[in-house]
Amino acid sequence: MSSGQQPPRRVTNVGSLLLTPQENESLFSFLGKKCVTMSSAVVQLYAADRNCMWSKKCSGVACLVKDNPQRSYFLRIFDIKDGKLLWEQELYNNFVYNSPRGYFHTFAGDTCQVALNFANEEEAKKFRKAVTDLLGRRQRKSEKRRDAPNGPNLPMATVDIKNPEITTNRFYSSQVNNISHTKEKKKGKAKKKRLTKADIGTPSNFQHIGHVGWDPNTGFDLNNLDPELKNLFDMCGISEAQLKDRETSKVIYDFIEKTGGVEAVKNELRRQAPPPPPPSRGGPPPPPPPPHSSGPPPPPARGRGAPPPPPSRAPTAAPPPPPPSRPGVVVPPPPPNRMYPPPPPALPSSAPSGPPPPPPLSMAGSTAPPPPPPPPPPPGPPPPPGLPSDGDHQVPASSGNKAALLDQIREGAQLKKVEQNSRPVSCSGRDALLDQIRQGIQLKSVSDGQESTPPTPAPTSGIVGALMEVMQKRSKAIHSSDEDEDDDDEEDFQDDDEWED
């Protein structure tokens, strides 16, 4: 029955002659998803025990099932009343099916000798024909697989056997023999032939050309796989599981043979070797140098004068910043006491003014304004010193007003927050850079994509691209419809025996 199904290339369910159409439909529904029965018959199952006596095990409908999910063939017996699987036997390699009687067929099971006693000899005849046809196709396919690896290797082996030393010895021998006697010349040729046979008998890379490390049943031998082939498979994204898979490894092996063999693939791979990757770009540009690197650190506190009285609360201010840099301006040192809280910022004024005078040497008689306030970030450099304005927060010039200044500092609430837009414009390039650092939001962010170069994409042409295309077609066929699967699995069983997913 299976031979009649060759034109459509898809096996259809074949029911039993003794069952009604409704019973056959029920039987087909018990087979399972993507399972097809190639022949069905009503049988009794017998098994031979150790005492060599046949004993009946069960009765039901025997089916020669093509199990596409498991990619194998089984003999299964179903109970159509309860819809249960009663027994099964996989058609292993070298499976032998005997028919001592037309209605009584025997074979070796996994644990004992098994027999099928058919209720109808016509069904028995058709069932036997379906099984023997299947076993014959599998046998022919196995023979072709055994002969395939040895076929294309003969011319390749003769091409690879090249020994420049042999030609050198031949040329050298001819010169010597031209001088010697004719008999000595013949002896020299005989010795030369023995040397040539020894060299030819041990070619360097004949083994790799011979079998490629591939077996029809187990796939590629990963332990003895050629490193260049392994590199090719890695470039194409072929996993070890795919190399061990019987069907996928067969597709890969056929691709290598169609390309010209292992040496042709290796030569093409060397020719298409990608250029070295460009040097990786550096990360983001280094941040600007810290402000203190461009100027000297603040001088230590001097011992002149008495320090101002401490405030009533715990000091929380940061250490005084280094003085700002202005060309042509003498910068005053910071206040002597580091525990002294920062004075309030002075309001900017549009009137030009000279640089601030040096700090007072004593608590009395001082008329100079305080040093410039620090910026909001503690480690940042201070803005240029502001100029006093005519407002209420003008710094007093007398020593009597010094106490009022301290009271304002202690109150804290009257201190004005320094806004970004209220900073005076710096007059030098370095001050402008410091202002940008303090503002922060004006700095350009560096994207993470610039830190590392993207990986070099795999080549999509040549031998690598062709193999990748073959594997993509194979993957699409596995996950596509049954019709697509028939095309890719044609290598497993020819004619109508492709697997279906």
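Every residue, even glycine, has its Cβ placed from backbone N, Cα and C.
Source: prediction; values computed, not measured.
Under the heading N-acetylserine, Swiss-Prot lists S2.
Residues or ranges marked as domain 'WH1' by Swiss-Prot on the basis of sequence analysis: 31-138.
Summarising the annotation, Swiss-Prot assigns region 'Disordered' to 135-158 (among others).
What Swiss-Prot records for 180-202 (among others) is region 'Disordered'.
Annotation source Swiss-Prot lists compositional bias 'Basic residues' at 183-195.
What Swiss-Prot records for 200-213 is domain 'CRIB'.
Note: S239 (phosphoserine) has no non-local neighbours, i.e. no same-chain residues 6+ apart with C-beta under 8 A of its own C-beta. Taken from Swiss-Prot, the feature phosphoserine applies to S239 (among others).
The secondary structure of Y253 (phosphotyrosine), as reduced to three states from DSSP, is helical. Summarising the annotation, Swiss-Prot assigns phosphotyrosine to Y253.
What Swiss-Prot records for 263-405 (among others) is region 'Disordered'.
The feature compositional bias 'Pro residues' is assigned by Swiss-Prot to 273-361 (among others).
Under the heading omega-N-methylarginine, Swiss-Prot lists R304, citing similarity to another entry as support.
Annotation comment: Swiss-Prot describes 368-387 (among others) as compositional bias 'Pro residues'.
The domain 'WH2 1' feature in Swiss-Prot is assigned to 401-418.
Summarising the annotation, Swiss-Prot assigns domain 'WH2 2' to 429-446 and lists sequence analysis as the type of evidence.
Taken from Swiss-Prot, the feature region 'Disordered' applies to 442-501 (among others).
Residues or ranges marked as compositional bias 'Polar residues' in Swiss-Prot: 442-453.
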S239 (phosphoserine) - helix vs strand vs coil (DSSP): coil
Reported mean pLDDT - the domain 'WH2 1' (401-418): 64
